Amino acid sequence: MLCRFVDENLIGSPDLHLMAPDGLKYPQPSIMYGRTDIVSVTPWLAPVVWEGTFNPVILDSIYQKKNISIAATVFAVGKYIMFLKNFLETAEQHFFVGFRVNVYVFTDRPKEVPEVKMAAGRELIVRSVPSSKRWQEISARRMELIQTLIEETLLNNVDYIFCLDVDSKFHSRWGTESLGGLVAVIHPGYYQDNRDKFPYERRPSSRAYLAPGEGDFYYCGGAFGGLLMEVHQLAKTCHKNFEDDAKENIEAAWQEESHLNRYMWTNKPSKVLSPEYLWQDFKPRNPEIHTVRFSGVIKNYAEVRPH
Ligand code: UDP
Ligand code: MN
């Protein structure tokens, strides 16, 4: 049997060669029947992940064999520390359960990081960062810190990374179906809109500029990820473009989110996650959303953000 035995050393990326264990039984797949209320592939043939388009049993058994490990980054600066407990506790219940996960918390209040019991193989790592007077600055610095974390700590230790907003919590499974080279999440607020309504940066002087008629989807800055090297390239590019803009006194409309959207226009994500992967608690659930997996909690901006 060809390809029965694979030399792991030759298969460089955990994203390649999807090998299922022997003896796995599951319902027969079909290319004729399935969900018809949503689109589950982009025009460049990246899957769009929706409930009902994947079988978690197949995916988990493929990735268990690979013994992958996943890093998650979350920033909890200033009063946003109040969101951390819920984020971490629900991540334990729903985020890559049964896999090796390292959660990196960046905060200016390390003493206030809650004690959360982590399952075996899962770890919480706290990194101190300075506090900030402007919330835009906190958001902007994320890309730089992610870039540095990858270079200094994660290289050679971790396969995938996801970067997530702290003012959110998990409600159901977020797992191996989300793995891919470059992974973007569709923003829940704009997926039914015409692209001309997307809040992209519209000033040509910014490096985040997207012209009318450009852009595939509006992706959210609150969740993205993928293979380590892909996310490194993204973080490095967005950080540099943000800094170069700043030197010319320009700040993109939605800071890193604008730069992320500009990046994804040129560098197409190899997997796209539906708005199930970042809903908002204040939004009634639309009929095509069968499962809310992760969603932003309702917050009082005036209360939590520095002024
Ligand atoms: N953040 C933080 N402290 C702040 C502002 C922002 O730690 O004072 C971090 C936090 O992780 C937050 C993310 O930056 O989830 C993005 O900001 P925010 O959630 O306020 O943006 P929104 O989701 O409302 O667009
Ligand atoms: Mn948020």
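Even glycines carry a Cβ here, placed using N, Cα and C.
According to TrEMBL:
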- Glu257: active site, nucleophile (ACT_SITE)
- Phe75, Ala76, Val77, Tyr80, Asp165, Val166, Asp167: UDP-N-acetyl-alpha-D-galactosamine binding site (BINDING)
- Asp165, Asp167: Mn(2+) binding site (BINDING)
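Sequence features, as recorded in TrEMBL, placed on the structure.
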| residue | record | contacts (Cβ under 8 Å, 6+ apart) |
| --- | --- | --- |
| Phe75 | UDP-N-acetyl-alpha-D-galactosamine binding site | Val105, Phe106, Thr107, Val129, Ile138, Arg142, Leu145, Val166 |
| Ala76 | UDP-N-acetyl-alpha-D-galactosamine binding site | Phe83, Leu84, Val105, Phe106, Thr107, Arg109, Val113, Val166 |
| Val77 | UDP-N-acetyl-alpha-D-galactosamine binding site | Phe106, Thr107, Asp108, Val129, Ser131, Ser132, Ile138 |
| Tyr80 | UDP-N-acetyl-alpha-D-galactosamine binding site | Val166, Asp167, Val304 |
| Asp165 | UDP-N-acetyl-alpha-D-galactosamine binding site | Val74, Gly221, Gly222, Ala223, Leu278, Gly296 |
| Glu257 | active site, nucleophile | Tyr219, Cys220, Gly221, Gly222 |
Taking the centre of the Cβ atoms of Phe75, Ala76, Val77, Tyr80, Asp165, Val166, Asp167 as the UDP-N-acetyl-alpha-D-galactosamine site, the remaining residues of that chain with Cβ inside 8 Å are Val74, Ile81, Phe83, Leu84, Ile138
Row Val166 (UDP-N-acetyl-alpha-D-galactosamine binding site), column other C-beta within 10 angstroms, all chains, value 23
Close to ligand 2, in the sense of Cβ under 6 Å, among Ala76, Tyr80, Asp165, Asp167 as binding-site residues, are Asp165, Asp167
